[in-house]
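Asker: Below you will find the structure I want to go over with you.
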Amino acid sequence: MSRSTPSRSTPSRPVLRFAPSPTGLIHVGNARTALINALLARRAGGTFILRFDDTDAARSRAEYADAIATDLAWLGIPPDLTFRQSDRIGEYEAATQQLKASGRLYPAYESEDELELKRRLQRARSLPPVYDRAALALTAADRARLEAEGRRPHWRFRLDHRVVAWDDGVRGPQQVDTASLSDPVLVRADGSFLYTLPSVVDDLAMGVTDVVRGEDHVTNTAVQIEIFEALGGVAPRFAHHNLLTLPSGEGLSKRLGHLSLSALREAGQEALAVAAAAVLVGTSHAVEAVESLEALAGMVDLAHISRAPARFDPDDLAQLTARTLHMMPFEAAASRLAAAGIGGGVAFWLAVRGNLARFSEAADWWALVSQPAAGVVAESDRTFLGEAAALLPPEPWDGQTYANWIKAVKAASGQSGKALFHPLRLALTGLEKGPELAALLPLMGRERVAGRLGGGVA
């Protein structure tokens, strides 16, 4: 029997969530899921929830939860609501009792070794390794005997053995015959919960309208839809995006520490560059720098996500970070400049941003224009530079000052091209390349410029 998932009425304000397990640092692949959810919610005026799936007490750590919250704030997508599953055990226990009462949750007593033996025998007979539901045949006396032997049951959800269908936001029409699946264990023998049941309970309680996650959860979806319905709820819309892989085809994992968001942040990668790469790779859009998260949100479209793996090359991030800085408006940089003690306002930022590979380099350019420094003055250029210094106009200086000054220096010295510009740049900055001198001169001021042209520290 086939039955499509009942659909919710389209809400005016969608609710989406990102649900990491705090068992390690999140990487750029996790960021892809978080960003797609957050930006879809933001664009529609909806709610973005951060849910920590921390029911595995042995592996979950508070410091990882804190790091994840820090990473989302760095990306510019702080959640509207945050909660931990470990604070909601009572709700999961209530759902467990409801499923037991309706006959959908049943106790099973096999050990892992016994289950593995069953699977090996099934494979030897060319049968799929699906749980045989032997526990359903146990009598009350059988269960009492097993428990007297010290066995404690784990609890399985009895699937309907039907075809579950849904319209996936990325993959289109999907269907899974749950007869091909083992009845999933929802509660371990020690009473702790696996991922599946708490996720459904929370999505119902929080009014989640859309679940957008990696394609490795496609099969889970059919199981979860049955649990939604068994609890008397309506399943949200589902969308399963492609996963990021390295150019080699290797999948991303938490063990690749250099791709964690904290490592990328410490390496000086721009959050907006990381966001653009995470969201746009593996879509119909080119991976390019964007001016803002709002601009990136406008490019998020589930229909534009490819079904093929998304190849992510970490080496491309450096160039994307540079391009992001080159187009970053002053308003986006202002607070960071102030925090670093960098002045000069919009004039300074527009002068130097095109020469930045990392934001931290702005401090070097600020030191160059605001603090004493010695330029590079060749002995053969001293006369020329002295003439140039003598032709410096009085202040105040503006954007036209440099052009007028160069015109006068060229006329007086007869120099042109590299012979004109190169000695001036070396004397003023000590560097072969850099921002336009026309923009730097007003920031440096007449006294500093004259001093460096004279070969001094100014």
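Each residue, glycine too, has its Cβ placed from N, Cα and C.
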Asker: Among the residue ranges 51-55, 246-250, 251-255, I'd like the one that Swiss-Prot describes as motif ''KMSKS' region'.
Answerer: 251-255
Asker: Using Swiss-Prot as the reference, determine which range in 20-30, 306-316 is annotated motif ''HIGH' region'.
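Answerer: Residues 20-30 are the ones Swiss-Prot records as motif ''HIGH' region'.
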Asker: Can you break down the motif ''HIGH' region' (20-30) into helix, strand and coil residue counts using DSSP?
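Answerer: Secondary-structure breakdown of the motif ''HIGH' region' (20-30): 3 helix, 1 strand, 7 coil.
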Asker: Using a Cβ cut-off of under 8 Å, list the residues of the same chain at least 6 residues beyond the motif ''HIGH' region' (20-30) that approach it.
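Answerer: Tertiary neighbours of the motif ''HIGH' region' (20-30) are 52-54, 56, 59-62, 64-65, 67-68, 71, 214, 243-244, 251-254, 256-257, 259-264, 274, 277-278, 312.
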